[in-house]
Amino acid sequence: MASLAVILLLLLGFDQSWANRGLNVENNYRNMMVRLATSKVTLGNLQVLREGRVEVSFDFGATWGTICSTSWSMREANVVCRQLGLGYASKASQGTEHGDSRKHPWAMVGTLCRGTERRLAECVRESRYPNLCNARNQNVSMVACVSHSADLEVGLVDIERTARLEAVPMSRLTCAMEEHCVSADAYEIRRTNPHAARILLRFSVKAFNVGTADVSPYANYKDWVWHQCHRHYHSMNVFATFDVYDLKYRKVAQGHKASFCLMDSECRPGVRAKYTCGNTTQGISVGCADTYTDVLDCQWVDVTRVPVNQRYILRVALNPEYKLGEMSFENNGAECLLDYTGVHQTTRIFNCRRKPLWFKI
């Protein structure tokens with residue numbers, strides 16, 4: 001039993017000094033406390049700290065330690081902000097901006113949250129000790145919290161209503177191929193037959209902001225990239241992914257909405273659109289949606305090599321890399337049934353249901 005206790009302690013990120021105190025893993029984990037701290041100079045602590053390194057305590061605040069995680073994301077950060085009553089996460093990162101692991105050693109590693117938990121103690125742990133949590137790594141997990149946040153919700157009707165097949169010669173897909181929006185075999189075929197056609201399953205996707213704050217690009221506008229093909233600034237790299245699976249969830253094709261701009265395509269009555277695809281003016285206002293229509297580049301899945309006359313699952317995911325802070329990621333995805341016949345008249349997408357972004361333990 002003693003060896004098992006030590007293994008549990010290591011998996012939970014305790015060093016030997018914690019083990020020597022004879023702490024009960026279950027009791028102390030259940031009583032885990034969370035706070036934000038910083039090494040930066042503050043204004044006499046007169047304001048509530050809303051950004052800093054995340055610290056945890058397992059002995060009712062007598063000692064505190066930091067967190068190391070393989071994938072510290074907006075999911076985990078949202079839970080920290082919720083537990084502290086500070087709203088939602090606007091930033092989740094690992095670094096030394098607010099102190100490092102040498103001065104503030106880790107007390108826990110491998111934190112994985114769905115994002116819906118009320119407390120960090122309700123989250124799970126990675127199945128293996130993260131390799132990056134070693135002596136060479138000085139980073140600690142950090143968050144920034146805000147009172148209001150955006151919340152993207154994928155539209156369902158738009159996907160079903162606009163679905164269509166189109167055969168397009170690769171000579172017309174120059175921009176799309178630059179952004180890797182076709183299957184890998186297309187690049188080999190293009191060498192010998194540049195006018196060969198790709199079969200594209202096109203559909204529109206609406207990203208509606210149902211949150212309490214505008215969606216804003218995560219990168220500073222000075223870092224946005226002018227795209228000559230599309231004639232506008234691209235403020236993000238990947239905004240949406242489109243994947244086709246068989247009925248056993250084995251992926252057979254994939255696509256993504258890459259290098260794009262954010263704008264108010266349509267708004268609810270009484271809400272005025274204010275964002276365009278221009279430089280410094282990109283975003284999605286509260287109560288507005290950015291609709292990527294089926295005629296746009298990369299608004300498709302390349303199904304050229306997908307077997308016909310079968311039923312599949314189409315999965316659409318907004319903000320799949322959690323680069324944008326949101327109130328929730330439970331309404332970011334959609335799953336639809338796809339009957340793919342290879343013929344425009346009989347291929348259809350139907351029965352779309354809203355789904356959360358996948359959470360893999």
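Going from the start of the chain as shown, residues are counted 1 onward.
Placed from the backbone N, Cα and C atoms, the Cβ positions cover glycine too.
Keep in mind that this is a model prediction, so the values were computed, not measured.
Annotation comment: TrEMBL describes CYS113-CYS123 as disulfide bond. Annotated domain 'SRCR' per TrEMBL: 34-146, in sequence order. The feature signal peptide is assigned by TrEMBL to 1-19.
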### Query
What is the number of residues in the domain 'SRCR' (34-146) that are helix, strand and coil, as DSSP sees it?
13 helix, 38 strand, 62 coil
### Query
Among the disulfide-bonded residues CYS113, CYS123, which residue has its Cβ surrounded by the fewest other Cβ atoms within 10 Å?
CYS123
